[in-house]
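The active site annotation in TrEMBL covers Asp73, Asp292. Look at TrEMBL and you will find 55-428 tagged as domain 'Peptidase A1'. The signal peptide feature in TrEMBL is assigned to 1-17.
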Amino acid sequence: MPRILLLCLFLLAHAAADGEARFGGGVLLPLRVQAASLAPQAPANKLRFRHDVSLTVSVAVGTPPQNVTMVLDTGSELSWLLCNGTGAPRPAAAFDAPASSTYAAVHCRSPECQWRGRDLPVPPFCAAPPSDSCRVSLAYADASSADGVLAADAFLLGGAPPVAALFGCITSYYSATGGGSNGTDSSDAATGLLGMNRGSLSFVTQTDTRRFAYCIAPGDGPGLLVLGGDGLALAPPLNYTPLVEIPQQLPYFDRVAYSVQLEGIRVGAALLPIPKSVLAPDHTGAGQTMVDSGTQFTFLLGDAYAALKAEFANRTRALLAPLGEPGFVFQGAFDACFRAPEARVAAALPRLPEVGLVLRGAEVAVAGERLLYRVPWERRGEGGAEAVWCLTFGSSDMAGMSAYVIGHHHQQNVWVEYDLQNGRVGFAPARCDLATVRLGSGA
């Protein structure tokens, strides 16, 4: 699901000097978790829905090449870079378009500057004279937006040859969670977004990438991204689930997303009593399930969320004390929350019931520390002895979404392969830090 992801915490990729590699024509890039400082926000029950962690890769763009950091987003289409000329504070590593001899703004009368349905959220248009460049405006699900010109330049990932690709050269942006700039100009902030869905303007489609995979390590351990090649053959045995295809245009079905069929949700060994109809897209397309590297947590629609929330609270009654504040909603979508000292939660983690997202032919299992998230700056009890924790499954309804979304927090230590050639997504449990070392990109 597209969104502005520049200004929170980032899962960073090392630059080429830190160990990018190639395998049989494919490209491997390392991923790593890094925490950036966040200023205290409004009380948690007032926070809007936003994303705190994102996956990024190091990419070189232009001639001579400029190193930039881009969010890896399988829910977005048109890639973009924050370019010099923006009026708001920006990352120090913003792309300097005039310095690239291969940079070319798309002419507003060219075939590329045309309305392409989902490929661009709003129709492109001609810039005001004397410029004749093609202007693009991007609007995102969290009410963020970006504006700039449609352009083309050379992209280099790892040791692969450069490839030409269209992207948005963004000169102004607005984040609904923090104004025009979100108050950061950190050089650690991402410079842009790499659109990896199946739309005609995505990086995947433009470069004819038929398979790619990633393995996200928890904490600050190394992870990796593999684009094609023999590196994918070194993956563990995968269970595949087919992509859901609906030929007709439906108002709420994203046909270029990685949509899979959710068949059930289990807590421990027992499936929740959720009707199959609740888990499938309806006649409008609402209710699809998307695998999305650009969303942090997992989101469930109303009935499924209510069933999981009730069962998890019931199963953990002896382990976790409910927060007991009906008005508390973290990030606008998480209200299954608890209060406990850190030591008590650490002791309880191995005893928490595993939650499984049962797909057609595969499953994504969530256990231990991936089930709970400690809310920053929130303390309870005498002397602030207790922290506030929320279940890492949120309500799609409260977040304003009409879909189920499997976020990257629940893909940690899972090898995830996107196989466009065969129309499927594969999953397998993995030690992603060890996989990185095995493939030769460990730091």
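In case you wondered, yes, glycine gets a Cβ from its N, Cα and C as well.
Around the Cβ of Asp73 (active site), the number of neighbouring Cβ atoms within 10 Å comes to 27.
When Cβ atoms from all protein chains are considered, those within 10 Å of Asp292 (active site) total 26, not counting its own.
Taking the Cα atom of each, Asp73 (active site) and Asp292 (active site) are about 7 angstrom apart.
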